[in-house]
Amino acid sequence: MEMNDQSIQIQMLAEKFHLFVRDCELKQSPNANSSDNDESKKVNENSGSMDENSMSNGIHENSSDLDHTLPILKKVFDLSTKVQDLKKQHVALTDHVKSTTESFPGLDVLNSIQLIGSEYELLKRKYLDESAERKRLYNEIIELKGNIRVFCRCRPLSESERANGLTSVVNFESTLDNELQVISSDSSKKPFKFDHVFRPEDNQEAVFSQTKPIATSVLDGFNVCIFAYGQTGTGKTFTMEGTPEERGVNYRTLEELFRISKERNGVMKYDL
C-alpha cells in the first residue's frame, strides 16, 4: 500500500513537472495550438481532484529536486533566447555580405580595367621614349645654333638726348637681323655681327622669344646662364627685370619654367 502511494506521488509530481514545462513552452511560443491549452486545463482539473494530503506530502518530499531543476530550466530558456538572437545576427550578416559582394564589379569590368592599365603603361613608355628623342633633337638644334650666343639690343634715344640734338649712330640693314653698322665720326660705317640684333622698336616679348628655348634646356638638365652686359644707362636692368607692365627676361623665364614643369607634372617632378 505504501509503495502504491509513493508511486502515485511520483506520478503526480511527474505530471506537474510536465505541466510546468508545457506552460514554459507556451510562454515562449505564443502561437501554440489551443488544443494544448485545453489538455493542460484538463490535467490541472484531474490533478486538483486528488487528495490534498498526498499532494502536499509529495511536494514536500520532492521540493529539493524542484529547487535544483528550476534554475537549470531558466538557464536553458536563457540560452534558447541567446541562440535566437545569434540566428538573427547571422541572417543580418549574411544579407550584408551578400549585398557587399553584389556591389563588386564583375569579371568583365576587372578585365577591362586591367587592359586599360596595360595600355596606359605602354603609352607612358612611348611618351617617355618620344620625350627623350625630343630632348635630344631639341638640344642638338641648340648646339647647332651655338652653345654660347650673343644678342645685341639697341635702345632708342631718350628725351634729353633728343633735346640736345643728338642722333643715332647705329644703322640697321633692313634685310639682316643679325648685323648692324656703327657710323664713325668720318661718316664711315663699321659692321658688327651677332646671333641676333634687336632694334629700338623691339619690345620685351621679342627679346624673350630668343631666350625662351633656354628655359626648356634648364628642365632638360643643362646648366644655363643669361646675363646682360653693357655700359651704364644702356638698358641692362630694363632688359633683365623690366617694369610691372613690361616684364623682363628674368620674370618671363621663371614663368616659363613653372609652365613647363606643370605641363610635365604627370611624368617628371621638379623642385624649383
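Counting starts with 1 at the first residue shown.
Placement of Cβ uses the backbone N, Cα and C atoms for every residue, glycine included.
The ATP binding site annotation in TrEMBL covers Gly230, Gln231, Thr232, Gly233, Thr234, Gly235, Lys236, Thr237. Around Thr237 (ATP binding site), the C-beta neighbours below 8 angstroms that are at least 6 residues distant in the chain are Ala228.
Among the features that TrEMBL reports, compositional bias 'Polar residues' is placed at 45-61.
Residues annotated as domain 'Kinesin motor' in TrEMBL: 147-272.
What TrEMBL lists as region 'Disordered' is 28-64.
Mean pLDDT for the domain 'Kinesin motor' (147-272) in the predicted structure: 89. Sorting the binding-site residues Gln231, Thr232, Thr234 by the number of other Cβ atoms within 10 Å puts Thr234 first. Summary for the binding-site residues Gly230, Gly233, Gly235: the Cβ-based neighbour count within 10 Å is maximal at Gly235. Within 8 Å of the centroid defined by the CB atoms of Gly230, Gln231, Thr232, Gly233, Thr234, Gly235, Lys236, Thr237, the record's ATP site, lie the Cβ atoms of Ala228, excluding the listed residues themselves.
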